[in-house]
């Protein structure tokens with residue numbers, strides 16, 4: 001393998017949603033260099049940050065019907081029992097909810113926590129308060145999705161934050177997703193909530209770091225089964 005290929009292998013690919021932003025930052029950097037060199041270097045740093053924000057590395061996902069993997073890179077902020085939002089249609093009984101907060105330094109490509117069929121997608125306009133606050137799940141702009149699996153229905157909510165002003169979804173109702181498959185992203189800091197079927201057991205705790213498509217969040221096992229892995 002050549003040196004160029006070795007370097008390329010170490011650099012994660014960039015998601016296509018980031019191309020316009022990276023190009024914009026690069027153009028601004030050139031203009032800043034023309035005005036004053038130190039400002040240009042600040043622009044270069046911001047361009048690199050933007051590229052890192054939209055990075056889309058390959059992830060190796062554990063594949064088993066009863067495992068729930070992290071839908072986002074970030075920090076587990078809450079593991080609680082909560083009544084799911086009405087738009088999910090999951091009833092009024094409290095369910096296990098695991099929340100992941102993404103800072104502006106995390107990779108923001110979102111991945112399916114389970115394999116299954118998309119049963120519902122509901123967009124709800126709202127505010128843009130700090131996504132790390134509990135009330136953000138009800139007050140903020142969000143995109144809610146329900147995935148049907150053999151073990152029950154999983155609710156996944158993309159929640160906009162203080163800086164995040166754009167939720168992007170790549171999927172449609174009726175689409176079948178694989179565990180760890182990309183389904184959307186949120187631009188510039190946000191949160192994801194995952195609502196799990198009754199009886200699910202959380203395998204993470206608040207403060208733990210999560211890696212989208214790899215970190216196992218919970219188990220709703222119906223029986224013993226082996227674990228395999230799939231790169232995505």
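Including glycine, each Cβ sits where the backbone N, Cα and C put it.
Cβ neighbour count for residue 190 (active site, schiff-base intermediate with substrate): 34 (other Cβ atoms within 10 Å of its Cβ, all protein chains included). Summarising the annotation, Swiss-Prot assigns active site, schiff-base intermediate with substrate to 190.
If you look up Swiss-Prot, you'll see 190 marked as pyruvic acid (Ser). When secondary structure is read from DSSP and collapsed to three states, residue 190 (active site, schiff-base intermediate with substrate) falls in the strand class.
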